[in-house]
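Student: I'd like to ask you about the structure that follows.
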């Protein structure tokens, strides 16, 4: 048993090291874009922190979702956050599965480059939207009477830049339209829907996204409009940004492990051209265009021609014999 575990661990380690070797050149090439996407996550958090200083509590707005869904209450509002955390870490672990499993369809670096592009584009629109109009927050800590509903003016710049993570993120107010949780959820679900391989998990992921939407409203973390706007905005953003980005290589169809350089591409094109010329030369030598049907027709036509020739030859000999020549 110990020998078997050691053997399997050795295989996994070799797989991990080979995948790291394949991903490192991509990381060296794309690290600026990845770093920019990660830095913007801080910028997004800083913007959400800033709008909290502008938030003013007020009476809850009339909301159809609040009428339809019973309120979870402060004691059970964690259900929404637990669902989101589960989806976040499940997606994160899935993006690194090529380092262990042989069934791999994408490069992790290239996948996260696309994911961060989707997130940044959606978050830019979100920042513009919630700074345009500040609504009274429906969450419990944002209502009238709560000490956290408004923030006192900062004493220094550092107090703003540190954003009081993670408490400042979890207990923010004013960053409502549209839901940040739904941005991450929909981006993750759409990405798995395109690059994942399990149909059941795809259906389950969309179901979880719907459940997440309902839990956000039931926990009174957002108005229904925040969730509805997120559904169509994020899907449209992902659709348009995905069309602008170059498509990732599919690693299951025998393509090279890494994108080819210009020199390698020229060499590969030259080899393919030489191969096509050789095939055409052989076809010319064989007197065929490579179509099996055409070859059969040629054989049949040649056969009938030979039969006609032989038949004519026999008739001539018979005539000569009959004339006594």
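Placement of Cβ uses the backbone N, Cα and C atoms for every residue, glycine included.
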Student: Looking at 56-77, 78-99, 144-165, 166-187, which one does TrEMBL call transmembrane segment?
Tutor: 78-99
Student: Over the domain 'Sphingomyelin synthase-like' (172-240), work out the mean pLDDT and round it to an integer.
Tutor: 95
Student: Give me the stretch from 78-99, 200-217, 223-241 with the greatest number of Cβ pairs under 8 Å to the transmembrane segment (111-131).
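Tutor: Result: 223-241.
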Student: For the domain 'Sphingomyelin synthase-like' (172-240), give the DSSP counts of helix residues, strand residues and coil residues.
Tutor: 53 helix, 0 strand, 16 coil
